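Undergrad: Got a structure for you, questions after.
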Amino acid sequence: MQVNSRDFFLFLSKNKTLNRAAQSWGGGIASGKIVGGIDFPSSVKFIKELNEEGLSVTVDHLGEFVTSESVAKERTEECIQTIETIAAQKINSQVSLKLTSLGLDINDQLVYENMTKILDTAEKHQIMVTIDMEDEQRCQKTLDIFKDFKQSYNYISTVLQAYLYRTAKDIDDLNEYHPSLRLVKGAYKESADVAFPEKSDVDDNFKKIINMHLLNGNFTAIATHDDEIIEYTKRLVDKHNIPKNQFEFQMLYGMRTTTQKELVKDGYNMRVYIPYGQDWYGYFMRRLAERPANLAFVLKGMTKK
Ligand code: FDA
């Protein structure tokens, strides 16, 4: 059996022993490079640096494998505290979260209670909360929860993944809610039963859903490091006179930093996704799965302070 590097890093991303070991190392390896810091206060200086350069931010408290109710509640409190700090310090940042960190795998009542508390705080401060999309098994449930909350809250958004066959239909189904959506290629290992195995098909579907959501008149965050997709979007918005406040580009912290600044210089809205927290390991492994070259500059940083 042949194992490629993507499969290898995705396999490692789920290893609980390595995840625990990484927590005890602290965030030193990745801090200020591809993650903020081990907590929100230590990430604020990196966020403010980006804000000063005209980039907006979304922060995500990293957390994988949450199976305990008390941890899910801690994660909820952390998220609320983060929103309060963003508002108090007038930081240009939104919040992203994963429903599994709030108890999605534990019970529905818990995740609804936790989301309600977070969204009440977000609504009070008018700070957008985006529900990241996790693996395909959790996609329908995530969208059901999104739709339930979208009926009573404005400051909520979610993510759709171009690699799933279902996504064009999800764009259609969600349209009645006029949702703000982040569109991505998709980061998890999925079977050919549910996702396009070929990268070229994923890219074609990505363009298709960007086109659909923008032409439906909805706010669209195009989250990619791929120049071809970025150029496609620029041509599309020019052709249809789509205003700059109806879309933004998003990239991950530490990736393509020159391109991020160039997009701002050219007048586009650019948002940087900054993860922070002790649980940086799984996130780091998924980035390596996408692009092993991501390891090079992090390793360089280990020897150079
Ligand atoms: P891809 O990895 O296909 O790369 C295409 C090309 O872009 C490469 O060939 C190279 O030329 C260039 N490139 C890529 N990375 C580069 C780098 N670091 N430096 C230089 N060139 C580079 N996924 C998910 O499943 N659920 C989610 O909720 C999210 N959320 C999310 C938020 C944000 C802000 C981003 C940017 C991404 C996500 N993702 C995600 C991850 C997403 O699904 C996807 O796995 C990665 O963005 C990688 O795909 P790309 O579109 O960047 O291009």
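Residue numbers in this text run from 1 along the chain shown.
In case you wondered, yes, glycine gets a Cβ from its N, Cα and C as well.
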Undergrad: In TrEMBL, the FAD site includes MET133, LYS185, GLY186, ALA187, LYS199, THR224, HIS225. Which of GLN151, GLN161, GLN246 does it also list there?
TA: GLN161
Undergrad: Here are some binding-site residues: LYS98, HIS225. Which one has the most Cβ atoms within 10 Å of its Cβ?
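TA: Going through LYS98, HIS225 one by one, the largest Cβ count within 10 Å is at LYS98.
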Undergrad: What three-state secondary structure does DSSP assign to ARG287 (substrate binding site)?
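TA: DSSP call for ARG287 (substrate binding site): helix.
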Undergrad: Among the binding-site residues listed here, LYS199, ARG286, whose Cβ has the fewest other Cβ atoms inside 10 Å?
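TA: Looking at the binding-site residues LYS199, ARG286, the Cβ with the fewest others within 10 Å is that of LYS199.
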Undergrad: Can you tell me which of these binding-site residues sit near ligand 1, meaning the Cβ is under 6 Å from at least one of its atoms: LYS98, GLN161, THR224, HIS225, ARG286, ARG287?
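TA: Near ligand 1, sequence order: GLN161, THR224, HIS225.
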Undergrad: Does DSSP put HIS225 (FAD binding site) in a helix, in a strand, or in coil?
TA: coil
Undergrad: Determine the Cβ neighbour count for ALA187 (FAD binding site): the number of other Cβ atoms within 10 Å of its Cβ.
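TA: Its Cβ shell of radius 10 Å holds 19 other Cβ atoms.
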Undergrad: Measuring Cα to Cα, how many Å separate LYS185 (FAD binding site) from ARG287 (substrate binding site)?
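TA: Checking the Cα atoms of LYS185 (FAD binding site) and ARG287 (substrate binding site) gives a distance of 13 Å.
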